[in-house]
Amino acid sequence: MADNATHHYISSFFLVGIPGLQDFHCWIGIPVCLLFSLTMLGNSIIIINIKLEPSLHQPMYFFLCMLAMNDMALASSTAPKMLGIFWLDAHWIDFDICLAQLYFIHTFCIIESALLVAMAFDRYVAICIPLHYTTLLTTTMVIKMGLASVLRAIFMVLPGPFLIRRLPYYTEYVINHAYCEHMAVVKLASANTHVNRTYGISVALSVMVLGLGLIATSYLKILQAVFRLASQHARSKALGTCAAHVCTILVSYTPALFSFLTHRIGKKVPPSVHIIFASLYLLVPPTVNLLVYGIKTKQIRDRVIGLFFLNKKISEN
């Protein structure tokens, strides 16, 4: 009671942005804006193309459509506030809004991981047991897998904001970050945060270990099946169908692992480097995903080219 009488709970946090690079915030905002714009425009084009092109009404592209929608939501939960910090000096964020941002960021990240696992399973079925592809991966099954990914993420992240809400925040309100990240917020609490830290690391490890484990298992089975094929052309074609997904996995997990490890064991890593990688983890994969699948998928590539060069084709005819 005495502690509550002499302290006042803070009602908002101050997001620094990128510590040590405040003088360059205006310039940093330019690539952030470009990545956000590309994510929203490019993923919208992919979703529309999948909807309009009958030949893309397959499980692989339904998962890609889900991934595109999730990428747009993930970018929308972070980029606008970042741009507000970099360009408008809008550093303050309300406590509850901060918790909401934290919740949605981590929810969309876990959904992304689950969708990558689902896409790996899709490739496994298509290459290893192709005769059962249409019976195993029906539209109903794809929808159920998508819903399971969303529900799993919602309930895994749900305790986070409530565990933070119970902590007292009296004096520390400066977050050395460009958005409300779980551990960055927890570290400011004026109390023992062992439960929060245990929860955070448990969720992060379970998502990464389970996701990477299932993906690795799928690709081991895929490689075994591919190398049993007699034709070199058949092997190349089978591996080619996995190339876009492998690129997406590398782009998604590499900065995520770096961010996770530097938060816990990388004490000598400059804060600016850690925060840049943590921001790239949320902004770059949504942009790279659409470029990779846009280039690798002939139907999407042809429709996009036709969309932008339609007037030219009409004038030539």
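Cβ from N, Cα, C; glycine included.
Just so you know, TrEMBL annotations are computer predictions that nobody has curated.
Listed features, source TrEMBL:
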{"type": "DOMAIN", "residues": "42-293", "note": "domain 'G-protein coupled receptors family 1 profile'"}
{"type": "TRANSMEM", "residues": "27-48", "note": "transmembrane segment"}
{"type": "TRANSMEM", "residues": "60-79", "note": "transmembrane segment"}
{"type": "TRANSMEM", "residues": "99-121", "note": "transmembrane segment"}
{"type": "TRANSMEM", "residues": "133-158", "note": "transmembrane segment"}
{"type": "TRANSMEM", "residues": "199-220", "note": "transmembrane segment"}
{"type": "TRANSMEM", "residues": "241-261", "note": "transmembrane segment"}
{"type": "TRANSMEM", "residues": "273-293", "note": "transmembrane segment"}
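Within its own chain, the transmembrane segment (60-79) is flanked in space by residues 32-33, 35-36, 39-40, 43-44, 46-47, 50-51, 101, 104-105, 108-109, 111-112, 115-116, 118-119, 122-123, 126, 139, 142, 145-146, 149, 178-179, 248, 279, 282-283, 285-286, 289-290, 293, 297, which lie at least six positions past its ends and keep a Cβ under 8 Å from the stretch. Note on the domain 'G-protein coupled receptors family 1 profile' (42-293): its mean pLDDT in the predicted model is 85.
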